[in-house]
Amino acid sequence: MDTTDRTAEVVLVDYGLGNLRSVTRGLERAGAEVTLSADPDDFSAADGIVLPGVGAFSEGMENAGPFREALVAAAADGQPLFGICLGMQMLLTSSEEAETVGQGDVRGLDLVPGRNVRFDEGQKVPHMGWNELNVARDHPIVEGIDGEYAYFVHSYYAAPDDDAAVVATTDYSVEFPAIVANEAGNVFGTQFHPEKSGETGLQILQNFVDYCLER
């Protein structure tokens with residue numbers, strides 16, 4: 001498909017958590033037209049959707065509750081859905097985090113089956129700073145990426161039910177997924193913050209924008 005005359009229209013979900021300004025700037029640098037929206041009706045017309053996030057899993061899922069149905073529908077329809085940090089964790093089925101703070105089982109979007117788990121006791125958390133990305137399999141989001149460094153801030157990590165969901169890994173005493181994707185490939189997320197990861201992050205965002213145009 002010739003995408004040279006098209007601009008990707010991307011919706012950045014505003015559910016009260018996330019580095020909205022820096023993610024917007026990064027996407028715009030990658031050539032996207034970004035709409036910051038708290039209206040699920042905006043999702044279906046977009047070329048792609050970004051679910052950002054900083055903070056606790058339970059708060060994220062509570063705030064994103066009004067968007068659940070629209071996000072699941074968009075994913076089922078094949079729209080690109082990109083979760084960042086907490087947004088990636090919310091793509092999974094559940095998280096230990098809610099149980100750890102006594103909130104019981106909080107259900108995620110269940111678009112990538114699996115559970116978010118805490119780093120082992122004794123491991124310094126949060127895992128914060130630059131770390132290496134090791135690509136595990138092909139996916140459009142990692143085009144031109146392997147061995148580069150990205151910026152992480154997190155205490156929990158994704159443990160997908162299926163190893164095939166792992167697109168890239170990072171090592172922090174334990175090897176954990178840095179990028180995951182669903183079986184269809186249109187739902188994916190990065191545990192790191194591409195908007196804080198310099199040229200590597202910009203390449204990831206560019207890959208997302210290109211994928212939005214090519215689907």
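Keep in mind that glycine also has a Cβ here, set from the backbone N, Cα and C atoms.
Feature annotation from Swiss-Prot assigns domain 'Glutamine amidotransferase type-1' to 9-215. Annotation source Swiss-Prot lists active site, nucleophile at C85. Feature annotation from Swiss-Prot assigns active site to H193, E195.
E195 (active site) sits 11 Å from C85 (active site, nucleophile), counting Cα to Cα.
The number of other Cβ atoms within 10 Å of the Cβ belonging to H193 (active site), over all protein chains shown, comes to 24. In the structure as shown, the Cβ atom of E195 (active site) sits within 10 Å of 26 other Cβ atoms.
Note: the CA-CA distance between C85 (active site, nucleophile) and H193 (active site) rounds to 6 Å.
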